[in-house]
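In what follows, a structure is listed as structure tokens, so that the remarks can point back to it.
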Amino acid sequence: MKQARYTPYLMLLIGVIAIALSAIFIKWSEAPTSIMGMYRLLFTVVLIVPFIRRGSPLHKPSKSSLRDIGLLALAGVFLGLHFLFWMESLVHTSVASSMVLLSLQPVFVAIGAFILFRERTPLGGALCMSLAIIGSAVIAWGDIGLSSQALYGDLLSILGALAYALYMLTGQALKDRISGLRYSLWVFAIAGGLLLLYNVSLGISLTHYPLREWGIFLLLALIPTILGQLLFNHLLRYLEASTISMAIVGEPVFAIILAYFMLGESSTIMQIIGGLITLAGIGGYFKLKYSHMMQGASPDLQEHKGESKSQQQV
């Protein structure tokens, strides 16, 4: 029982580490960011289609209303915009700044969850989120003295965070009506199609890239998308969108460490201070979650437990 209780959080940690590698792969590539995002998503679709065709009970098609189809399309658009904004931000600013500013998404998710689902964030959780905002502000302040290009990259990263928050909230609205794998297939296909249209409209070459670039596109699909994004979509059935988004705040820690060793990219003192403040915020948030688990079932898992009981009764 205890193992089942902690499993979603262990999977969440694996997903965060996986997506932290995406910034490294993007920095390695010389292809346009919109091309990387497009092939990252389309390759993922090709890789997961065979698993849906196997007809596993967990992935049987569900009846979808026009509203659900509209939400799926909207989620795909938000995900496509997220990749477009965030991946382009890495061209203009550092990995540290881009990743930490992207971590503002829990704030957007918390606001959206309250408006859409009436989910209330406890005072302690709100304070931890506020601390994360302060850390992100320190990161951005550290870029003010660098260049206008770095500030432009910071703005793109914030827009990417907003788009991802909208994507997560849309997924939470659909979590009880479609399986995580099928949801991922559709939103990845729609987002990839959106980026395809974007590239074609701008006349960006779709095929003339060296073998090394195709290898990077495949890595982006296998690690940060399948082991990261797809895993997060699956976890929406067990955890709240705000919890998943808050965990992603820890992504900059791994990304900054990886950037130091794999890219030789050093961080400024302001970036380090801001990163530590942000980490303090996420650490406090999950300490509260841990306290809930020690007192009983985590609030995130209560809904899933209720589903399991109803299935047993049937």
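Glycine too: its Cβ is placed from the backbone N, Cα and C atoms.
The feature domain 'EamA' is assigned by TrEMBL to 9-140 (among others).
Annotation comment: TrEMBL describes 9-28 (among others) as transmembrane segment. Packing against the transmembrane segment (9-28) from elsewhere in the chain are residues 36, 87, 90, 95, 98-99, 216, 219-220, 223-224, 227-229, 231-232, 234-235, 239, 243-244, 247-248, 250-255, 258-259, 262-263, 265, 289: each is 6 or more residues past its ends and has a CB under 8 Å from a CB in it.
Tertiary neighbourhood of the transmembrane segment (34-53): same-chain residues 26, 59, 79-80, 83-84, 87-88, 181-182, 184-185, 188-189, 191-192, 195-196, 198-199, 202, 204-206, 209, 214, 216-218, 220-222, 224-226, 229-230, selected by CB-CB distance under 8 Å and a gap of 6+ residues from either end. The transmembrane segment annotation in TrEMBL covers 34-53 (among others).
With a cut-off of 8 Å between Cβ atoms, the residues of this chain six or more beyond the transmembrane segment (65-87) that come close are 26, 33-34, 36-37, 40-41, 98, 102, 156-157, 159-161, 163-164, 166-167, 170-171, 173-174, 177-178, 183, 186-195, 198, 229. Positions annotated as transmembrane segment by TrEMBL: 65-87 (among others).
What TrEMBL records for 99-117 (among others) is transmembrane segment. Under 8 Å from some Cβ of the transmembrane segment (99-117) lie the Cβ atoms of residues 20, 23, 86, 89, 125-126, 129, 132-133, 135-136, 139-140, 154, 157-158, 160-162, 164-166, 168-169, 172-173, 240-242, 245-246, 248-249, 251-252, 255-256, 271, 274-275, 278, 282, all in the same chain and six or more residues away from its ends.
Here TrEMBL flags 124-144 (among others) as transmembrane segment.
Positions annotated as transmembrane segment by TrEMBL: 150-169 (among others).
Positions annotated as domain 'EamA' by TrEMBL: 152-282 (among others).
Annotation comment: TrEMBL describes 181-202 (among others) as transmembrane segment.
Among the features that TrEMBL reports, transmembrane segment is placed at 214-232 (among others). Listed by sequence, the residues of this chain that lie at least six past the ends of the transmembrane segment (214-232) yet keep a Cβ under 8 A from its Cβ atoms are 11-12, 14-16, 18-22, 25-26, 28-29, 31, 36, 39-41, 43-44, 47-48, 79, 168, 180-181, 184, 188, 244, 248.
Per TrEMBL, transmembrane segment is recorded for 244-263 (among others). Within the same chain, residues 12-13, 15-17, 19-21, 23-24, 27, 94-96, 99-100, 102-103, 105-106, 109, 128-129, 132, 164-165, 168, 232, 235-236, 271, 275, 278-279, 281-282, 285-286 sit at least 6 positions outside the transmembrane segment (244-263) and bring their C-beta atoms closer than 8 Å to a C-beta of that stretch.
If you look up TrEMBL, you'll see 269-288 (among others) marked as transmembrane segment.
Tertiary neighbourhood of the transmembrane segment (269-288): same-chain residues 94, 96-97, 100, 103, 122, 124-125, 127-139, 141-142, 246-247, 249-250, 252-253, 256, selected by CB-CB distance under 8 Å and a gap of 6+ residues from either end.
Listed as Cβ neighbours of the transmembrane segment (150-169) (distance under 8 Å, sequence separation of 6 or more from its ends, same chain) are residues 75, 78-79, 81-86, 88-94, 97-99, 101-106, 108-109, 112-113, 116, 139-140, 143-144, 187, 232, 236, 241, 244-245.
Per DSSP, the domain 'EamA' (152-282) is made up of 104 helix, 0 strand, 27 coil.
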